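Report on the structure given below.
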Amino acid sequence: MARGKSSGSGGSGSGGGGDNHSPRNAQMESIRSHTRLPTSLQQSAPLQGVRPPKSLSLSSIPDKKLRSNLSRDALSTLRARSHATQADTYLYQGPVGEEAGQLEAEGEMERTARLTQGEIKDAVGLEAASKSFSLDLSGGRGGVGLGPYRSAYSPNGRQLLLAGRAGHLASFDWQAGKLNCEIQVKETVRDATWLHNSSFFAAAQKKHVFIYDSAGAEVHRLKEHVDVHRLEFLRYHFLLCSVGGGGWLKYHDTSTGQMVAQHRTKLGACDTLAQNPLTAVLHLGHGNGTVTLWTPNLPQPALSLLAHRGPVSGVSVSPRDGGREMATSGMEGGIKVWDCRLLGRGPVREWVSRKPANEVQYSQRGLLATAWGTHVSIYDTKAPLSSRAPPGPYMTNNFPQSSPVSLAFCPFEDVLGVGHSRGFDSLLVPGAGEPRFDSMELDPFEGRTARREREVRGLLDKIRPDMISVDPSFLGQVREDATKGGAPREEAGPSGLARAQDGTPYARLGRLERLRLEGKAANDGSDSDEEDNHDEDSNAANVAIPSSGPPPPQKERKKARGKNTSMKRYLRKKRGNVVDQASMQVQAKLQRAREEHEERRERKERMARGEGEEQREPSALDVFAVQKKGRRRR
């Protein structure tokens with residue numbers, strides 16, 4: 001009673017600061033907890049009730065300024081951790097009961113796989129129902145189809161690219177129904193993929209790889225990529241990767257036009273290629289049932305896994321949970337799900353489909369789509385199983401008289417694109433896409449200006465190819481022996497490979513450090529200038545012979561460094577079509593020098609024959625020549 005009277009005498013019963021449990025204060029607290037300050041204000045806004053940790057003893061520091069800086073750094077670390085937790089909660093975690101929506105069965109006898117696309121379209125809104133459509137590209141009853149078709153969505157999920165086996169290429173805004181380009185290249189097209197944005201796409205044609213712009217105009221022809229079957233683009237590294245019939249894996253930098261690396265797999269033709277979205281490591285499936293992991297800085301596979309007893313027909317890595325889950329399919333009919341951290345323990349789940357699956361693909365939320373026969377089945381690999389029985393399909397769809405050859409989930413949409421021999425179909429898959437997107441990373445609604453700024457920002461933040469590794473935990477670490485100039489050899493580990501003193505594996509060491517570990521190079525930090533292609537006599541001459549006196553000083557060899565004749569000829573051909581002012585001036589100067597040299601040579605030949613100077617007709621300019629000679633005589 002006393003508190004009520006005192007608050008009432010203060011003016012208004014709900015105002016002021018006397019009652020912390022008033023409706024107004026509760027409303028302010030709820031608004032404050034669900035609102036976000038601008039980034040510029042977040043760095044300076046103090047966290048309520050947060051103090052430096054007790055483990056950080058600052059009282060023993062006499063310097064007041066240093067103590068203040070350390071306290072500020074500790075609070076900044078806590079603030080950054082709190083902001084990261086909020087961002088993770090906003091992007092990847094929904095409220096309780098409002099997770100990413102999936103189909104749920106009402107009873108034990110009901111199965112979500114029995115629902116058809118027509119029933120799903122009737123249950124959703126008009127906008128969502130319009131995203132399910134079918135494109136009949138078979139040419140009609142008397143026509144000739146251009147399929148089978150392979151499909152690819154742009155990184156932001158706005159554009160769709162279709163590539164027909166018979167040379168048909170088309171790109172369009174599938175949500176707005178606006179066609180960007182449609183061309184006929186009149187040769188076989190095996191695969192196609194988008195580059196860093198929807199402005200360019202690459203197509204693996206019969207002999208080479210071609211790059212086209214959004215209008216369908218040919219921009220580049222990559223002659224280094226021959227007989228390519230599959231393409232992948234590493235968006236953060238600006239690397240176009242290809243593998244084909246020759247068994248060569250090639251990395252091409254699209255920002256500079258240079259070939260970064262090319263590795264020979266030595267396992268024959270390869271038709272399966274996938275990338276890990278976290279580490280950018282490429283996963284290749286081969287005909288002998290092995291799956292190899294490749295990086296551009298290693299000439300041999302970083303890891304080789306015997307996954308199936310038959311040829312590998314499909315490989316996909318889940319973008320969920322940091323790319324820890326990998327799915328493979330083989331021609332013997334098996335489908336296996338692996339944990340990339342524990343590949344040696346075998347698959348986490350495996351089952352056998354009715355027919356061999358020729359394609360597997362993960363969605364953003366971890367749903368696995370498989371194409372087998374004339375069917376497409378979608379599995380939830382995270383669903384609990386009570387026994388070792390194979391998981392039941394989450395959804396399934398049949399395509400009569402056509403065989404699906406490509407699967408592609410649309411980013412940020414519950415849509416699965418299926419390319420088959422008769423055209424393309426878009427299926428609604430509830431719970432497949434990520435409902436929340438970061439506009440600073442990918443924006444489905446970006447315009448021309450935002451796309452241009454994103455491209456410039458991506459070039460500035462481009463990651464170097466040598467940063468790609470199977471284990472990204474080594475990034476940010478400092479090697480203690482980097483300044484000592486050597487990596488002393490230690491005893492070999494259980495695998496038989498020597499390691500450096502700091503524990504760095506043999507595969508991550510450079511060439512000089514490997515030679516030092518093998519005892520073929522000095523440990524004083526000096527590099528050896530001897531060539532690798534010495535003959536046997538020179539190698540025998542370099543053998544150390546015991547002697548009483550000090551070894552005689554060796555004369556340093558002069559080696560020709562630079563480009564050889566064939567490389568100069570190749571670069572000269574590439575520069576033949578480049579015309580600028582400097583090159584024109586140099587060419588004119590060379591032409592004048594050639595003419596003067598030819599004139600002097602002819603004059604010497606005439607003098608040798610005794611003909612003397614050639615008589616020419618007098619000219620009006622001879623007067624100035626005589627005056628000039630007279631001045632010299634004076």
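In case you wondered, yes, glycine gets a Cβ from its N, Cα and C as well.
What TrEMBL says about a protein is an automatic prediction, not a curated fact.
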With the ranges 429-454, 481-506 to choose from, which does TrEMBL describe as region 'Disordered'? 481-506
Residue numbers, six or more beyond the limits of the compositional bias 'Basic and acidic residues' (592-619), whose CB comes under 8 Å of its CB atoms: none
Please indicate, using numbers and ranges, the residues of the same chain that are 6 or more beyond the repeat 'WD' (305-339) and have a C-beta under 8 Å from a C-beta there. 271-279, 283-293, 345, 347-362, 364-366, 368, 370, 381
